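Taken from Swiss-Prot, the feature ATP binding site covers G11, P12, T13, A14, V15, G16, K17, S18. What Swiss-Prot records for T13, A14, V15, G16, K17, S18 is substrate binding site, and it gives sequence analysis as the kind of evidence. Marked as region 'Interaction with substrate tRNA' by Swiss-Prot: 35-38. What Swiss-Prot lists as site 'Interaction with substrate tRNA' is T101, R123.
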Amino acid sequence: MKEDRVVFIFGPTAVGKSNILFHFPKNKAEIINVDSIQVYKEFNIASSKPSKNLMKHIKHHLVDFLDPEKDYTIGIFYEQALKIVKEIRQKKKIPIFVGGTAFYFKHLKDGFPSTPLVTSKIRIYVNNLLELKGKSYLLKELKNVDPIRFNMLNKNDIYRIKRSLEVYYQTGIPISQFQKKQSSEFKNIVIIGLKRSFEDLKTRISIRINEMLNSGLLSEIKGLFSKGYNENTPAFKGIGYNEFLLWKSRPCYGLNDIIGLINKNSFLYAKRQMTFFAKISDVLWLHPEDDLDNILNLIFKVDKEI
């Protein structure tokens, strides 16, 4: 029994990931969503959550369950995903990871470093260091305590600079030492990458944004603002939401300006996704429509073997 096999399906925004799932046979698989914004409640339209019809057709996990004020990290995702895979396997179904958050897929494939939890006291301490002494001080400190990590990091990546120092202050051990121990939980992975031409993606992104507006995106945004969600709300970091913060704070930005910005940011994000996905090895790149039969055969041949 090939119980250790999982399937990854990834691709850029608007490539057509959700559409192919309607062709999957019922009761053969379950979907583990790989998206850092679709996890949030209330943020529905611009996040392109799976439709009710799709979720009725095939069970989805990690969608629409988290308070918008809560942070969602790769560590939380990874822990939840491993637990869900075990549950799906117990049902003799295929666990299929589907989404576009490339960073999550990287760690699913390569393993997630077993870095320790950090207390809020340590986080506050590091944030205070940043505010009082600045980024240059944090970089100098990181270079002293973990030169390996210092040389690896983008010096503008303040999140990972802070995270590296937090782990060191919590444990006294450089984060680079923890990362040496990482290895994947999955040994048998079918990896399918969905691709289209950039011209096709650009057209589909524009169509999707128009569909979002017709589905009530503006009303959703106004409702979110009325509930007090703002630039400090983690869910507002997503494309299609973040741009409306400008609309709220700067009256000079009209709705057409915001729509244009969403279009631009979505396409740039799609290009970044493809650049990141291209670094992942052992991927079968297929077209979501032209190669649909091949996709179904690749996935559900697994079903015949378990």
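Glycine is treated like the rest: Cβ placed from N, Cα and C.
Structural mapping of features recorded in Swiss-Prot.
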{"residue": "G11", "record": "ATP binding site", "Cβ contacts under 8 Å, 6 or more apart": "K17, G100, G193, L194, K195, Q273, F277, P288"}
{"residue": "P12", "record": "ATP binding site", "Cβ contacts under 8 Å, 6 or more apart": "G100, L201, Y269, A270, K271, Q273, M274, F277"}
{"residue": "T13", "record": "ATP binding site", "Cβ contacts under 8 Å, 6 or more apart": "S48, G100, L201, I205, I239, S266, Y269, A270, Q273"}
{"residue": "A14", "record": "ATP binding site", "Cβ contacts under 8 Å, 6 or more apart": "L201, R204, I205, R208, S266, A270"}
{"residue": "V15", "record": "ATP binding site", "Cβ contacts under 8 Å, 6 or more apart": "G100, L194, K195, R196, L201, R204, A270, P288"}
{"residue": "G16", "record": "ATP binding site", "Cβ contacts under 8 Å, 6 or more apart": "L194, R196, R204, P288, E289"}
{"residue": "S18", "record": "ATP binding site", "Cβ contacts under 8 Å, 6 or more apart": "S48, P50, S51, L54, V98"}
{"residue": "T101", "record": "site 'Interaction with substrate tRNA'", "Cβ contacts under 8 Å, 6 or more apart": "V34, D35, S36"}
{"residue": "R123", "record": "site 'Interaction with substrate tRNA'", "Cβ contacts under 8 Å, 6 or more apart": "K162, E166"}
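For K17 (ATP binding site), the count of additional Cβ atoms within 10 Å of its Cβ stands at 23 [all protein chains shown]. Residue counts for the region 'Interaction with substrate tRNA' (35-38) under DSSP, helix first, then strand, then coil, are 0 helix, 0 strand, 4 coil.
DSSP gives S18 (ATP binding site) a helix state. Within 8 Å of the centroid defined by the CB atoms of T13, A14, V15, G16, K17, S18, the record's substrate site, lie the Cβ atoms of G11, P12, N19, S48, G100, L194, R204, P288, excluding the listed residues themselves. Same-chain residues that are not part of G11, P12, T13, A14, V15, G16, K17, S18 yet have a Cβ within 8 Å of the Cβ center of the ATP site turn out to be G100, L194, R204, P288.
Following the DSSP three-state reduction, the secondary structure of R123 (site 'Interaction with substrate tRNA') is helix.
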